[in-house]
Amino acid sequence: MNTPTIGVLALQGDVREHLKALADAGAQARPVRRAEELAAIDGLVIPGGESTTMSKLAVVFGMLEPLRAFVRAGKPVYGTCAGMIMVADKLLDARDDQETFGGIDMIVRRNAFGRQNESFEAAIDVAGIPGGPVEGVFIRAPWVESVGGEVEVLATYDGHTVAVRQGNVLATSFHPELTGDHRVHALFVDMVRHTV
Ligand code: GLN
């Protein structure tokens, strides 16, 4: 499978940028809005945006259980920013009724970097990505407060975990789709290639 088909969850968020980054990284990329479309993809990206809205829309569009099942089936999933929140098993600073798809045994704190530091960029060394640090774009970003034993921490910033992987699920607090550097997407495309 040289050119895997990778969906971008298109309920809300920066879908277009991920479609382009995935195509540049060697995948066939398409937006996914309906549960039936999950059958035709080898992996899925959950974009940045607003996780509370994404959670509500997932319920309205009947995508919550199908996406949970997709993750449970071991299909590769990559969540950026709000997408990281959606693949967390547990949340802090979220409304009680905010749902996630889960997949990574971690606790994620929403909007963790605080008001002073709402948006910023920083050079981030990511384990498994050759060629030096990636430019991390953080926009009202979450961080990972704690992880379970099966979770690999791939990157930290200022003492906080900002990139993780558990099995086939990858998550970053930051937005590599906004930089034109597609090495993180290439890592995910490789994960998808090695899955099927
Ligand atoms: N703060 C947003 C949330 O909680 C995430 C921001 C982003 O995706 N850039 O969903």
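Each Cβ is built from the backbone N, Cα and C atoms, and glycine gets one as well.
Quantities reported herein were computed from a predicted structural model and do not represent experimental measurements.
Sequence-distant contacts of Cys81 (active site, nucleophile), defined as residues of its own chain at least six apart whose C-beta falls under 8 angstroms from its C-beta, comprise Pro47, Gly48, Gly49, Phe138, Ile139, Arg140, Ala141, Pro142, Thr172, Ser173, Phe174, His175. According to TrEMBL, the active site, nucleophile annotation covers Cys81.
Annotation comment: TrEMBL describes His175 (among others) as active site, charge relay system. In the three-state DSSP reading, His175 (active site, charge relay system) counts as coil.
Taking the Cβ of Glu177 (active site, charge relay system) as reference, residues of its chain lying under 8 Å away and at least six apart in sequence are, in sequence order, Asp14, Glu17, His18, Lys20, Ala21, Pro47, Gly48, Thr80, His185. TrEMBL lists Glu177 (among others) with the feature active site, charge relay system.
DSSP assigns Ser51 (L-glutamine binding site) to a helix. On its own chain, Ser51 (L-glutamine binding site) has Ala82, Ile85, Met86, Ala94, Gln98, Thr100, Arg110 as residues at least 6 apart in sequence with a Cβ closer than 8 Å to its own Cβ. Look at TrEMBL and you will find Gly49, Glu50, Ser51, Arg110, Ile139, Arg140 tagged as L-glutamine binding site.
Taking each Cβ in turn and tallying the other Cβ atoms within 10 Å, the top scorer among the recorded positions Arg110, Arg140, His175 is His175.
Listed recorded positions: Ser51, Arg110, Glu177. Those with a CB atom under 6 Å from ligand 1: Ser51, Arg110. Surrounding the centroid of the Cβ atoms of Gly49, Glu50, Ser51, Arg110, Ile139, Arg140, where the record places L-glutamine, the chain contributes additional residues within 8 Å, namely Gly48, Thr52, Cys81, Ala82, Ile85, Asn111, Ala141, Pro142. Residues Gly49, Glu50, Ser51, Arg110, Ile139, Arg140 are listed as the L-glutamine binders, and the farthest two of them sit 13 Å apart at their Cα atoms.
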